[in-house]
Amino acid sequence: MTPNIHHDKILILDFGAQYTQLIARRIREIGVYCEVWPWDHSPEEILSFGAKGIILSGGPESTTSPGAPAAPQHVFDSDLPILGICYGMQTMAVHLGGATEAADKREFGHASVQVIYPDTLFSGLSDHPSEFRLDVWMSHGDHVSRVPPGFTITAATDRIPIAAMSREDKRWYGVQFHPEVTHTLQGQALLRRFVVDICGCQMLWTAANIIEDQIAHVRERVGCDEVILGLSGGVDSSVVAALLQKAIGSQLTCVFVDTGLLRWGEGDQVMAMFAEHMGVNVVRINAASRYFDALQGVYDPEAKRKIIGNLFIQIFEEEASKRKQAKWLAQGTIYPDVIESAGSKTGKAHVIKSHHNVGGLPEQMTLGMVEPLRELFKDEVRRLGVALGLPHAMVYRHPFPGPGLGVRILGEVKPEYAELLAKADAIFIDELHQADLYDKVSQAFAVFLPVKSVGVVGDARAYEWVIALRAVETVDFMTAQWAPLPYDFLSTVSNRIINELRGVSRVVYDISGKPPATIEWE
């Protein structure tokens with residue numbers, strides 16, 4: 001019998017920190033289910049959620065400002081263990097009768113925390129055992145200047161006298177540093193101490209248990225009905241296909257729209273993996289000509305994204321309408337999509353780019369929704385894919401934008417540009433694999449620049465196209481640094497592209513970070 005993997009869980013109340021989702025991922029890695037909710041969620045829902053502990057996240061606001069987000073009273077009335085992180089510790093202190101103040105200087109980066117009192121949270125944790133010190137990551141302007149009644153100061157730094165505090169009888173804890181980031185060396189151990197030892201959660205959130213749970217859920221939900229899935233070849237839809245094939249077999253039909261804007265040979269790879277190897281019923285629609293016709297004369301990146309997304313919906317609808325027995329639509333929605341969707345309702349989110357096929361299918365479609373990954377982060381989806389038997393190379397492939405090469409060809413999209421770019425990109429990726437560099441960068445790809453540069457072919461001058469190479473290193477894709485690939489490697493890639501592809505005279509390497517640049521060029 002499958003254990004109830006949602007029984008023991010943690011609730012994270014989000015005050016707007018950039019690291020909040022990272023807290024959730026770290027807790028999931030421990031093996032415990034958790035969810036992220038806005039800090040001002042309704043008291044009734046927070047209490048009925050059934051969490052075994054609550055974490056108050058960091059945030060960008062100042063507790064010294066009027067109207068700053070405050071820790072809700074009902075959280076402290078719940079008798080649950082509470083861990084406040086950074087702003088979460090500060091709002092806990094203010095709410096319970098302590099005080100905060102603005103620091104003379106922001107404390108950002110590496111810091112050394114001296115453990116003054118080894119309470120349950122800190123007991124046995126140290127990076128320098130003889131001194132009871134922890135190497136941590138700080139990111140704050142305010143700090144707690146007076147602990148609330150009943151609290152004990154448990155740690156300090158050279159800059160702030162209260163770096164952590166606790167009230168053991170209530171199981172309330174606060175840390176000014178960020179245990180969720182890898183720079184805090186004992187961070188994962190500290191979170192495990194809170195989640196497992198203090199809150200008493202069992203570690204049931206594993207790939208094997210998640211698969212069993214979702215198979216049972218899908219079977220119960222869809223019964224004997226047919227399910228239709230838009231298969232893109234990306235990680236999310238591929239894992240959904242593998243999971244549903246295991247759950248309902250021939251009841252699943254996948255629609256694979258070959259846009260002509262995919263990576264080199266990707267369409268054939270998708271068919272070989274799912275239709276031939278796994279026995280999935282896949283309908284392949286060769287729609288390249290429709291996409292290139294629709295994109296003719298279109299130069300604006302946002303317009304291209306919308307055309308590509310809308311045409312996908314149109315083609316998918318056409319195919320779905322042929323399948324009268326289909327009662328359910330499966331999608332690869334993942335947990336960050338759910339969090340961002342909820343966050344956008346606050347009005348604080350800003351659209352930087354239109355995202356392809358995220359909640360894009362029309363509401364008038366009468367199909368029920370099946371979203372077996374909606375509780376999972378991307379790293380969990382990848383682990384699920386491996387557990388389901390998908391090749392490691394497919395599951396851990398670099399991200400690829402929904403509009404595909406359509407946003408890696410600057411300006412107008414033409415078939416000859418797409419073919420040239422796909423081949424150049426394949427050469428770049430092939431060389432990364434051969435040099436054992438592919439897994440050392442977070443994302444790498446080629447970009448087609450619609451400008452011609454003079455070159456020499458034989459004894460003649462030629463004006464031919466320019467290809468840009470882009471490789472970045474990042475933890476969360478919110479910020480990124482360009483990857484310092486070796487010069488001899490870049491030379492090899494450049495020589496191969498220019499020599500093997502007719503029509504390219506120059507290759508350049510993008511050394512822009514994010515910010516100010518985005519990872520994709522469009």
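Backbone N, Cα and C atoms are what each Cβ position is placed from, and that goes for glycine too.
For C86, the entry in Swiss-Prot reads active site, nucleophile, with the evidence type similarity to another entry. Annotation source Swiss-Prot lists active site at H178, E180, citing similarity to another entry. Swiss-Prot lists S232, G233, G234, V235, D236, S237, S238 with the feature ATP binding site. Among the features that Swiss-Prot reports, domain 'Glutamine amidotransferase type-1' is placed at 9-204. Residues or ranges marked as domain 'GMPS ATP-PPase' by Swiss-Prot: 205-397.
Rounded to a whole number, the C-alpha distance linking H178 (active site) with S237 (ATP binding site) is 33 angstrom. For the pair formed by D236 (ATP binding site) and E180 (active site), distance between Cα atoms is given as 25 Å, rounded to the nearest Å. Each residue in the domain 'Glutamine amidotransferase type-1' (9-204) has a pLDDT score, and their mean in this model is 93.
Between the binding-site residues S232, S237, S238, the minimum number of other C-beta atoms within 10 Å of a residue's C-beta occurs at S237. The two recorded residues, C86 (active site, nucleophile) and S232 (ATP binding site), have Cα atoms 40 Å apart. Of all Cβ atoms in the shown protein chains, 22 besides its own fall within 10 Å of the Cβ of G233 (ATP binding site). Here the candidates are the binding-site residues S232, G233, S237. The one whose C-alpha lies nearest to that of E180 (active site) is S237. Cβ neighbour count for E180 (active site) (all protein chains, 10 Å cutoff from its Cβ): 26. Remark: G234 (ATP binding site) has G332, F400, G402 as non-local neighbours, by Cβ distance under 8 Å and separation of at least 6 in sequence. Compute the center of the Cβ atoms of S232, G233, G234, V235, D236, S237, S238, which mark the site for ATP; besides them, the chain residues with Cβ within 8 Å of that center are L231, V239, V240, G332.
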